[in-house]
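Going by Swiss-Prot, these are the annotated features:
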- 14-34: transmembrane segment (TRANSMEM)
- 51-71: transmembrane segment (TRANSMEM)
- 84-104: transmembrane segment (TRANSMEM)
- 110-130: transmembrane segment (TRANSMEM)
- 137-157: transmembrane segment (TRANSMEM)
- 171-191: transmembrane segment (TRANSMEM)
- 213-233: transmembrane segment (TRANSMEM)
- 249-269: transmembrane segment (TRANSMEM)
- 276-296: transmembrane segment (TRANSMEM)
- 300-320: transmembrane segment (TRANSMEM)
- 334-354: transmembrane segment (TRANSMEM)
- 361-381: transmembrane segment (TRANSMEM)
Amino acid sequence: MITSPPNEQAGSWLGVFALALAAFIFNTTEFVPIGLLSNIGQSFEMTPAQVGLMLTIYAWVVSLMSLPMMLATRNIERRKLLMFVFGLFVVSHVLSAISPSFAILLVSRVGIAFAHAVFWSVTASLAVRIAPPGKQVQALGLLATGTSLAMVLGIPLGRVLGEALGWRTTFLGIAGIAALVVFLLARALPLLPSQNSGSLRSLPILFKRPRLMAIYLLTAIVVTAHFTAYSYIEPFTQTVSRLSGEMTTILLLVFGGAGIMGSIIFSLFSDRFPNGLLITAIGTLTVCLLMLLPLSGDATALGTLTIIWGMAIMCFGLTLQARVLSLAPDATDVAMALFSGIFNIGIGGGALLGSVVSSHLGVANVGIVGGLLALGGLGLCCFTTHYFGKIQPAAEVQAESK
């Protein structure tokens, strides 16, 4: 007996869960090299700072291709689109696992980045769309939990597997799990015709929304600040803090677990204190980055800082994602494609800046440089919050139509 697809209107936690699991896979593969920089470098006789450029290339391909790929696929039914995306994802990971050179590894990562560009352009809006009525914030929180679990389980387990069996095994394992996720998505998601995806004609309208432009600028600054330090947390903990490989893995676990706590905080307070939550998150992140070096010699203090840091960056990312969706309800996919692209500009910029700092000033200073940049983001956030006052996205959208 053939069963019909789930009913989109009824809302589906299973569908949201499937998207969260897919988010787990995508975030695992984007950031798992952070825990494997040294291992990959040994295979190709490169330094961690040189290998770290693969993070920059990946992120910048995503940033450049998010909008073009979203526009190219805007009329494709979303469930079918996700099947194609994961097909490319799996094939590219197999290529990563058998790469005979760093250049081929980069080519495989570009293929994964193309899949990433499409996935994150549509996923947040899909999660909101298929969530049970009145549960949109919780759906975003569950999606964020998938992201956090990538930090809690994906990256540390990828590091453990890479150290035990080689980094190639890590990428092969990701390909296998992704193949299972494809099956779950096919079973759990309803048919999802493209809806409110927008087009190139949406861009001038979005660019006329100053609140949205401020969010994009803030995203670029703060994400760059964060990844200036986080991209090189493995060499930092091992060379500056003098922690063992096992302790470094535990620290990555702690960071990811804190991200889950951050998503819970977002779910509880985002509706009541949107501005306060955002300012607090950026301020906390700034302090954590600036204190990274001073506290690096005390494992307990460094662990505590890592917990606070993980909560702060998760609250920041979720708050901005929710605001983008609320400020562009008429072109959600275009707006989220821009957000994903700009977020990845920050990831790539942070990885590049961290590489420069590591090479010229020493890896010990990545937190200081990132913290100073985050301080600028905090100033921008305070200014825009005061300037725009209470955010009323619906009123802004209605004003544009007059």
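Glycine too: its Cβ is placed from the backbone N, Cα and C atoms.
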In the same chain, which residue numbers or ranges, 6 or more beyond the ends of the transmembrane segment (84-104), come under 8 angstroms Cβ to Cβ? 22, 25-26, 29, 40, 44, 46, 51, 54, 111-112, 114-115, 118-119, 168-169, 171-172, 174-175, 178-179, 181-182, 185
Intrachain residues whose Cβ lies under 8 Å of the transmembrane segment (137-157), provided they are six or more past its termini: 13, 16-17, 19-28, 31-32, 34-35, 123-124, 127-128, 130-131, 249-250, 252-253, 255-257, 259-260, 262-264, 266-267, 270-271, 310, 314, 317-318, 321-322
With Cβ distances under 8 Å as the criterion, find the stretch in 249-269, 276-296, 300-320, 361-381 that has the most pairs with the transmembrane segment (213-233). 361-381
Beyond a gap of at least 6 residues from its ends, the CB atoms lying under 8 Å from the transmembrane segment (249-269) belong to 34-35, 137-138, 140-141, 144-145, 147-156, 159-160, 233, 237, 243, 276-277, 302-303, 306-315, 318-319
Taking residues 6+ outside the transmembrane segment (171-191), which of them lie with a CB under 8 Å of any CB in it? 5-8, 12, 14-15, 17-19, 21-22, 25, 28-29, 32, 77-79, 82-83, 86-87, 89-90, 93-94, 96-97, 130, 158, 161
Contact check, the transmembrane segment (361-381) vs the transmembrane segment (14-34), 3+ Cβ pairs under 8 Å, seq sep 6+: no
Residues from the same chain, set at least six apart from the ends of the transmembrane segment (276-296), whose C-beta lies under 8 A from its own: 222, 225-226, 228-229, 236-237, 240-241, 265-266, 269-270, 302, 305, 308-309, 311-313, 315-316, 319-320, 364-368, 370-372, 374-375, 377-378, 381-382, 385
Determine which residues of the chain contact the transmembrane segment (300-320) at the Cβ level, with the cut-off under 8 Å and only residues 6 or more beyond its ends counted. 140-141, 144, 147-148, 151, 215, 218-219, 222, 226, 230, 237, 241, 251, 254-263, 265-266, 270, 274, 277-278, 280-282, 284-285, 288-289, 291-292, 339, 343
